[in-house]
Amino acid sequence: METKRLAYVMFVLVCLFLAMAQPSQASYFSAWAGPGCNNHNARYSKCGCSNIGHNVHGGYEFVYQGQTAAAYNTDNCKGVAQTRFSSSVNQACSNFGWKSVFIQC
């Protein structure tokens, strides 16, 4: 009986810890419609591959928060990465041709 009680208390403590834990921030890639870093903005932050919208190639920014990324000239992150991000890039406000980005988590 004492073992079950201890297991229950441990379970409750773990649940409380998880409920109070803050989710960590992740790296993200933002792209603007342009011209430059103006107008509509799209943010890509999910792990894995994201296709960059065809209407947001006016400028970009990569915010590094522990996860690296790679940009591809093709949809669906096919082929060889053209650019790799391992640190932040603050608003590069000129057109770019990448069609997809892969965030490594």
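Yeah, the Cβs are placed from backbone N, Cα and C, and that goes for glycine too.
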From CYS93, CYS105, partner that Swiss-Prot gives for the disulfide involving CYS37: CYS93
Going by Swiss-Prot, tell me which one of CYS15, CYS105 is disulfide-bonded to CYS47. CYS105
Sequence-ordered list of residues in the chain of CYS37 (disulfide bond) that lie 6 or more positions away and have a Cβ within less than 8 Å of its Cβ, or none, is GLY58, GLY59, TYR60, GLU61, GLN91, CYS93
Tell me the Cα distance separating CYS47 (disulfide bond) from CYS77 (disulfide bond), rounded to the nearest angstrom. 13
